[in-house]
Amino acid sequence: KPCPQPWDSLQSLCRAAPGQRRGLSAQPGPVHTLNLRGIFPPLTTPFSATQEVDYAQLEGNLCRYASIPFRGLVVLGSNGEYPYLALRERLELVSCVRRALPRDRLLLAGSGCESTQATIKLTVSMAEAGADVALVVTPCYYRGAMTSAALVQHYTEVADASPIPVVLYSVPANTGLDLPLEAVLTLAQHPNILGIKDSGGDITRMGLMVHKTRQEDFQVLAGSAGFLLASYALGAGSVKHVALSHGSRQAPAPSLPQVTRRFGIPGLKKAMEWFGYYGGPCRAPLAPLSSPQVEELKGIFSANGWL
């Protein structure tokens, strides 16, 4: 089923050359700062029963998102099973979302790789595919060598070469590495680094980042619904510095943030199906929920009046 207007009307625009969209420069280097204040829900990657990317189901989910006034979408984040996708799939997913996304909504796309060279190449490719912002996760395989100096050098080279703005991405639950505060404060001064998506959940640390970057054009994004409201409070005196990366249109019930923390992406995809979205399977080795886990998850939603 085709997506409703105004999505279809943007097909020709989205097929244009990347440099013709939103005034993006065709040459690497700093670009105009974007305001990231708002809600950016992270997209899951829909897979078929054979674990191939299901683009028809992706378009169906995007049609449902169209009626909700989100600021934009996050593609290829942790919830998108980014590490399990081939390079071709990553680029095709971004292109597909860009074709469907209304012009006034931003597309943040994951482009972080383990090496600086690979990250630069993928970031440039994401810009060509239509991403507005590159979300760059910390390299972590050799985490013992990832000192503040090494990470500052990595992100500086990526931001220097990127034709689109860069957002730092710290998700220690997955990487085992928290981007050091001193590195964040140094990188906040780079003209092509917009901010940081911090999924660590340390509100004191986030408050320090907000406070210490008041003189910079730097935005702090809350990376989980679990500390969404606390992030709002941090921005009470300086709203432009606090953005929200994902969540719902209303405040989450206290136990709902446990869903992805406790049940992971399989739990998220199962919950999507109860609300009319396509969830589907995860890509192996992520396993589906057991029957008892499904019942436990359903009980959480029911107890909070969502089902």
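Every residue, even glycine, has its Cβ placed from backbone N, Cα and C.
The feature active site, proton donor/acceptor is assigned by TrEMBL to Y169. Over all protein chains present, the Cβ of Y169 (active site, proton donor/acceptor) has 27 other Cβ atoms lying within 10 Å.
What TrEMBL records for K197 is active site, schiff-base intermediate with substrate.
Per TrEMBL, pyruvate binding site is recorded for V239.
Between the alpha carbons (Cα) of K197 (active site, schiff-base intermediate with substrate) and Y169 (active site, proton donor/acceptor) lies a span of roughly 5 Å.
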